[in-house]
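Everything on this sheet refers to the single structure shown next.
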Amino acid sequence: MSSFVGVLVSDQWLQSQFTQVELRSLKSKFIAIKNQNGKVTVGDLPPLMAKLKAFSDKLNDEEIRRVLGESNSDFTNEIDFEGFLKTYLDLQSRDTAKAGNSKHSSSFLKATTTTLLHTINDSEKASYVAHINSYLRDDPFLKQFLPIDPSSNALFDLAKDGVLLCKLINVAVPGTIDERAINTKRVLNPWERNENHTLCLNSAKAIGCTVVNIGTQDLVEGRPHLLLGLISQIIKIQLLADLNLRKTPQLVELVEDNNDVEELMGLAPEKVLLKWMNFHLKKAGYKKPVTNFSTDVKDGEAYAYLLNVLAPEHCSPATLDAKDATERANLVLDHAERMDCKRYLSPKDIVEGSANLNLAFVAQIFHQRNGLSTDNKKISFAEMMTDDELISREERCFRLWINSLGIASYVNNLFEDVRNGWILLEVLDKLSPGSVNWKQATKPPIRMPFRKVENCNQVVGIGKQLKLSLVNVAGNDFVQGNKKLILAFLWQLMRFNMLQLLKNLRSRSQGKEFSDADILSWANKKVKNSGRTSRMESFKDKSLSSGLFFLELLSAVEPRVVNWNLVTKGESDEEKKLNATYIISVARKLGCSIFLLPEDIMEVNQKMILTLTASIMYWSLQQPVDEQSSPSPAASSRSASPEPSIDATLSPAATAIFDGSPSPSTNGTPSLAFATTPSSSPGLPANGSLAPDTTAPPKASPSPSLSGEDDSSLAAEVSNMTIDDADSDTTTSVPLVDDAASDNAISTPQVEEEDTELQSEL
């Protein structure tokens, strides 16, 4: 059985400079400019290069032509794809040198893991290795491979099976992945390895990582710059996890006025860390405010003052008296070592102002000794400011969902960040391209309150165009931070997105829109057809708390994915939680991008149950009918193994039901046709279609393509699916979406009347 490995380049170094997503995008653009003779000449390149996002705002056609002329005397010479790639890299390096910066190097503070120069910082690599060695040294499976030598490539080799990254995610946010779902055999076959990487990438999104332009193939190949970028995000999330009032109510001491607490709650964790650092520096008599983790700490003075006030028993007058920055940095780290806080930094990193490592260093100091008051009165006030558990869980879900869409802004605190309306406009523009009038929108920072109201009024107007339930809702309600209204509005947006993605699988059909009832009916029919008797009466059905129905549904859409030896009866709360955590991990391992928590299944949260069911449905409807109905002999033999293994791991580009990371079009510009290009890595869509993951073997379980290539198989599968809707017993046919179906008009699916609970919230 052959394995599709994506776009291959004979020059291994050249291959290593691009992700599979970048190669696919550039390859399609290269093919598109071939002339009638099937050739591409040097003279064809300038207009193409000038349109690529990497150069469009920096180099024009004439400048590119001049650069090409330096190495090519004859513009009629034919150029192959590898020559095109080399030219691309040459232009890229010239542009970067001209700009005189390294903005594309991997950064701990950046949300995205995409880099163009692919620079690897050895100090960062050594620090991440030290972190992994420290936190995973006692792991039953990984301890045989640890400690990792930071001077070798052992980190990248160990990460190729996906186990290390999954374990690291669980260290950052415990309980994210049910480790029973991780394939941990000594030697994994390609499908098991892909399962681990798919589970890793979907789980990384579920803890807040922005995973753009990374596919499972990139992780299988152990691409250093992508792996370090992903690892840095995971470690950052771990180190900054306690920098909020819910986890550390003592942070309320940083504000003098109780009215400033809401502002503190809205700050990004990095900003809170800076505020904490400046709070102590002010007490220590340090005059200069620290505004970043780079240039402001290069001389080491701020660290000297900070450590002196936090651990005066270890302070030394020589630190501040030192004239040389490197000497002072050494003394600072000696002080930190006595506090057990030297893991992430070297004197060179301080002097050079490494933002990533300085952030990690300060975060470690905070964890070790934050020096904040234990004033019970202030702490109790901070605890009163936090939300109840259900609101907190929904806030988390919608925040992660928005961050997975690939919009320019990053949400740290949902209720605070959406109040100016800008982020909501970005989300609406992603879900319904062209719906936002950006000329009438004001970008943050916004000082005049009426501008915020204008933004939010436009949000309400677009929501009404999309047929969302917004009775008696005005823009000012968002500005005022009405939490229930914000959650209800975002739920409607998520549901709209979900139904749009399902609709786009059948855009050529003249049938009715998908509804909640259709999703419910599909799930029941799928389980029934697998020979089981479980059934859910509604998305509120309390019997769903055991988790057995969803395990049967997952098994029905992919028989090999559930290991029934690990399933409990779901009778006690403990057994229900075991099943719920397993369900979430198995769904992510399958390829579903979901953001719910085990408690949402145990408590049968209607909204989250619907998203889970729809996500499984979306994945299932993209599978070829012959693969679903009659597994191959090879697949049947694998199904006997207690360790689940899927023949193909679909990219979240083809499986993420609520994902909308920007998908690169062939000219390098993110596609905004979100309704037809839901994406996030691994394997982003190109050319406005849902791209298959490069690791999926086509003969066993090919990744779906919504460009029209697999029309017959998908249409056949769905045409056999009868929707047992109370309103209709017609057979619903779901052909594939056409690229042309995505235009800039506002999509307005006929949304059913909202339930009474949602109406009451609005």
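Cβ from N, Cα, C; glycine included.
TrEMBL: automatically predicted annotations, no manual curation.
Here TrEMBL flags 629-645 (among others) as compositional bias 'Low complexity'.
Taken from TrEMBL, the feature compositional bias 'Low complexity' applies to 660-671 (among others).
Here TrEMBL flags 691-705 (among others) as compositional bias 'Low complexity'.
Feature annotation from TrEMBL assigns compositional bias 'Acidic residues' to 751-762.
Broken down with DSSP, the domain 'Calponin-homology (CH)' (122-239) shows 75 helix, 0 strand, 43 coil. Taken from TrEMBL, the feature domain 'Calponin-homology (CH)' applies to 122-239 (among others).
Here TrEMBL flags 267-370 (among others) as domain 'Calponin-homology (CH)'.
Taken from TrEMBL, the feature domain 'Calponin-homology (CH)' applies to 392-498 (among others).
The feature domain 'Calponin-homology (CH)' is assigned by TrEMBL to 513-621 (among others). Helix, strand and coil residue tallies for the domain 'Calponin-homology (CH)' (513-621), in that order: 71 helix, 0 strand, 38 coil [DSSP].
Annotation source TrEMBL lists region 'Disordered' at 626-762.
In this model, the domain 'Calponin-homology (CH)' (267-370) carries an average pLDDT of 86.
Between the domain 'Calponin-homology (CH)' (122-239) and the stretches 267-370, 392-498, 513-621, the greatest number of Cβ pairs separated by less than 8 Å involves 513-621.
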